[in-house]
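Quick notes on the structure that follows.
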């Protein structure tokens, strides 16, 4: 009984071993199939120049190695169906049953020793018979298993071969499609498979192959190629090209998709329309600019041009303080300002002169104009300068009045006086007007009394005579008045001298070519000037 149990246990062990072997064989076949598919896909990727994990050198050697490895891996799969043969084979399969039989005989002898009554039941023949049956049963089961496994393996091999052929056909179609696409031939999309990768569809890259042999770390599909120097230089050239080109819109749209390009063009048109409307708002109906600082702008500045450097100046032109001073424009502006200031001073100075008493101021202005037309420099110099000191410095002598004389000629003197008047225009304006109004009545009577016997030989202007002040040219009374008489028409009536004599005296005692108004107080010069 123990021998039968041992033989059954041996048969069960053989069956378990067969099952394990079959499971291992199937697992190996599955692994081999997967490995072969991966290797085939890797080969295709290498042919197209997209394989990242493949080594960069010796690709022909690698192909041979892959073929050898695939053959080596196929070897176990071809032998694997015969793995269950040794237990059931007649040639080399006798040793396990014999060993099992010997083990069974040993166990039977031990059982004899334990139970001598069972010895005649177990005999050599019986043991051999069971051993023979043990040999026969594994042989039959092994034959069936081998036939089934062989059939399955053949089916698997056939399917794998068909799959590989299909994959090769699909990859060939994809490669042909990509090749035609590069050459410009349009064909329908190729058949897709589970290993299809859109990054592989540009075919092999000879340049990337060469760069990879040079140990380049960048992939051939990257922007600019494997050479990083070309990437950097390409960026610089692209920027310079965008600056130098007619517009950057064409360059920008090259890297856009169709949808992005359409959106960008629509946005660009809207912005251009808004800009044109804004420019129209800044123009008058006649086409001129509404603002003065826009007069120098041209239509070319508002188009997409290669010179963005000038944009900040026009952008900040709206602010007056940031406007760059241009010499011609700035000079014209100053001349206009001077003209306006002089005309304003003329209007202010002419207000008190409209009355009867202060005829001297208007007379001086008239004489300034007449002398200027006659080109005589002598009477011009003292008339605007000498009365300037009179409102504030009453006791000053006539020779001291022209002491600060201008060294340059008349034109420069006029400019200097104009500048001083602009600087100190409204300092003494109110004071002088008040003094003029207060002393109007005091001046009228003495002026008429003293001017009748006095002589005005040549320096008296015709305008004074036209106003009705009589002058006798035969009676010169200038010498006794020069040292002691006050120089101002605003002095008290007792020591007052007429304006005509005072001007005459100033003309005679002052140098004709010198004309110093710079030393005068700045606020005293304005009422007597015509410029």
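If you go along the chain as it appears here, the first residue is 1 and each next one adds 1.
Placed from the backbone N, Cα and C atoms, the Cβ positions cover glycine too.
Of the residues 149, 202, 208, Swiss-Prot records the annotation phosphoserine for 202. Looking up 131, 212, 347 in Swiss-Prot, the residue bearing an annotation of asymmetric dimethylarginine is 131. Noted from Swiss-Prot: of 386, 488, the annotation phosphoserine belongs to 386. Between 9, 111, 147, 313, Swiss-Prot assigns phosphoserine to 111; no such entry appears for the others, which is not proof they lack it.
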